[in-house]
Structure formats: C-alpha cells, structure tokens
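Beneath this line is the structure, given in structure tokens, with notes to follow.
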Amino acid sequence: MGENSSKKTETWPVDSSVEPQFVSRLSPSADLVIAVFLIFTGVSSVCGNGSVLAVYCRKRNKIKPAELMIVNLALCDLGFSVLGMPFFVISSLSHAWVFGETGCLWYGIQGSVFGIGSLITTSLISLDRCLKICCVRYGQWINNLHAFVCVTVIWLYTGFWATLPAFGFGRYRPEPYGTSCTVDWWSIRTSYTNRLYIYLFLSFGFGLPTLTIITSYLAILLKVYISKRALASIPCSAVSNASAKDVKLAKMAVVVCAAFLVAWLPYASVSLISALHSRDDQFSAATPAPVTLSLVLNFTTSESLTHLLLYPGAEGQWSNTSLSSQPGPPQNSSESSLPPMVTLIPAMFAKSHCMMNPVIYQIMHREFRDSLYEMVFGRVKAERMRRHRRKKNLQTSQIQHRSKS
C-alpha cells in the first residue's frame, strides 16, 4: 500500500490519447519548474529582441550592413520564442507532448530553422568583422544589398535543411525527457538515410558555421598580434583602415559568438553522445569491435546487419526488414542511455540563449543603448543624457591630463 500511494503522488493525469513516446519522463514538479523557466525566458526574449527590432526599425533609413545581420539574429531569436517555446511550455504543464506527430514535425522544423539561422547569422557577423579589420578595401564596397542577399540565402539554406525530414530524409522525434522534439539523433545507429542526414546536418548546419567563427576570430587575433597590441586596448591606427567603432563592434561580435557556442555546444555534444551510446549497448558487448566507432566510420553498413549486431537474437523479427522501415513512432530500442535530466539541462541552456543577445547589445553597444533610451524616454532626455556624458568624459580626460603633467 505504501509503495502504491507513493507512486500515485508522483503521477500526473495524462490524456489517454497521448502516445507513450510523448509522455514526460520527468517528475511533475520538474515539468512545472521547466514551464516557469521557459515562460521567463520567452517573455525576456520577446521584450529584448522586440526592442532590438524596434530600435533598428526607427533608423531603417540609416541602417548599415552589419546592423542588418543583428536584425536577422533578433528575428531568429524572436521567432523561436513566439513560434516554438509556447509548444514546450504547454507540453511541460501537461506533463506530455500534446501536439502529436504533426506538432513534433512543426516544432522540429522551426527549431532547426531558427537555430541554424541564428548560428549562420552569427558566423556571418564574425566574417564581416574579420573582413572589416583584416582586409583593406572591404568596407569600401560592401552595402545593404549584399547584406539582404546574405539574409535571403540564410533563410533558404536553413529552410532546406530543416524541411528535409518532412520529405522522409531524416526525422524529428521527442527528446529523451518527452516534452519537446528534435532531430532523431538516436536513429544514427539504425537507419542509413537518417544517419546520412545527421552527418550532413551537423557538418553544414553546425560544423561549417562554427569553423567560420573560429577562423574569423583567429584571423583577427593574428592581426592584433602582428600589430603588437592586445584586443582590449587596440587603437584605431593599429589595424589597417579599421575605425575604433569597427573594433568595438568586433569585440561585441566575439561575445555574441562565444555566447552562442557556449550555449549550444553542450546540447549538441550530449545529443550526439546519447545517440551513439544507446541504452541497448549492453547487448552489443559480445561483438568483436566497438559498434559505435564502426557506425561512425562506415556509411555503407546495411541497416539489417546493424540491427543484428546491436540486438543479438532478433534475427527472426528483423531478417528482412530494417528498423527505419517500420511504421509508427520511433521504437524504444534507440532511446538514449543518459538519464532524461542529463539531456534536459543542456537543452534548457541552449533554449535560453534566445534572450542573451539583447543583454549583450545593451552592455557593449553604446549606440544601441542610446537609441533604446531615446525610444523609451524621448529625444529631449536622450540628448540631455548625451551632453551630461560628454561633459563627464571631458572632465575625466582633463583630470587624467593634469595627473600626467
């Protein structure tokens, strides 16, 4: 009786029409905490990114190419907050994903579109800063038309990779904790087409933009090293044709890129690790070679042979049919070996990134800060604040000059 009563206190009424794969693996209290956190994140993201869009909309006639990239980044973060996060919140409060297979597909597509779009936009911002600082003539020919073309290509590119699972190449499925959906990382072990999609998705959706970011800032650091100055104190003359404003924007872009990678790398790593080490690895101990390594390196292994290696004794059931060809939802055999909470924490960290960029702009971008202040408090107060700041800076410089003399 004691055991039964304790189990009852940990359960949550879930609609009987919800498939088992969509039921939350977390406790009701954990789902409630997640919902509250997501609501806070979503509201903060809408307010922050909405203010970014409002500021640049007011100055749309004077907007610059680099600022168009910032606008696109805000659109990506705002898009996920409005079109994706409510699904997660409702499912957490319901203790199950209540939108079915169609909703899972939609959530996966929009998450991939806005996630990859945000990363590629971030990589283009880093590339823009690199060219601005390291290339002499770049700033003379880049214009808004080039930026608009880049933004258009970003949306077409992300839409292509995100919608492929809707046509059977790849698949979206519930996360291990059950209340949101993602790319079916776990089918990397059992389906050739899904495996190929995952490799391509990781290479061109995550690896290539990340490599661009790293290469761009290594080039900037090399330029700074050659100039014999540290990035934190670099003057205008230390970099060829780079203004002080360009250098400040480069520093801000470094923080934006670093924040994205810090937020998303743990999620990508945990997802891939949990996919490569499923809970059924215990059954593959009798195989003579590491199955995970062979799967990663060998694209041509047949799905039926892969399943026989992973699940000995299942020859009768799977001798003529691969796992990926079975109708219905994904089978439990490919689920993560990691506890749901372990996969949840990096996912929450990644999803909270959508509210970070406006905070970075507010701290590091004085022009954005001034424009936001003017939009909220009016032009008169904003001009008064600028005069006060200029006066204070002048007094500070005079004091420093006297102390040196």
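Yeah, the Cβs are placed from backbone N, Cα and C, and that goes for glycine too.
Here TrEMBL flags 32-56 (among others) as transmembrane segment.
Residues annotated as domain 'G-protein coupled receptors family 1 profile' in TrEMBL: 48-361.
Listed as Cβ neighbours of the transmembrane segment (68-93) (distance under 8 Å, sequence separation of 6 or more from its ends, same chain) are residues 24, 31-32, 34-35, 38-39, 41-42, 45-46, 49-50, 52-53, 56, 99, 103, 106-107, 110-111, 113-115, 117-118, 121-122, 124-125, 128, 144, 147-148, 150-151, 154, 179-180, 256, 351, 353-355, 357-358, 361. For 68-93 (among others), the entry in TrEMBL reads transmembrane segment.
The annotation transmembrane segment is assigned in TrEMBL to 105-125 (among others). Residues 66, 69-70, 72-73, 76-77, 79-80, 83-84, 87-88, 99, 150-151, 154-155, 157-159, 161-163, 165-166, 172, 180-183, 201, 205-206, 208-210, 212-213, 216, 253, 256-257, 260, 264, 353 of the same chain lie 6+ residues outside the transmembrane segment (105-125) yet bring a C-beta within less than 8 angstroms of a C-beta in it.
Sequence annotations record features per position, and here TrEMBL assigns transmembrane segment to 145-164 (among others).
Annotation comment: TrEMBL describes 196-222 (among others) as transmembrane segment.
Summarising the annotation, TrEMBL assigns transmembrane segment to 249-267 (among others). Among residues of the same chain six or more beyond the transmembrane segment (249-267), those with a C-beta under 8 A of the stretch's C-beta atoms are 66, 73, 115, 118-119, 122-123, 125-126, 128-129, 132-133, 206, 210, 213, 217, 220, 231-232, 346-347, 349-350, 352-353, 356-357, 360-361, 364-365.
Look at TrEMBL and you will find 384-405 tagged as region 'Disordered'.
According to TrEMBL, the compositional bias 'Polar residues' annotation covers 394-405.
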> Should the transmembrane segment (145-164) and the transmembrane segment (196-222) be scored as in contact, given a threshold of at least 3 Cβ pairs under 8 Å and pairs 6 or more apart?
Replying inline: yes
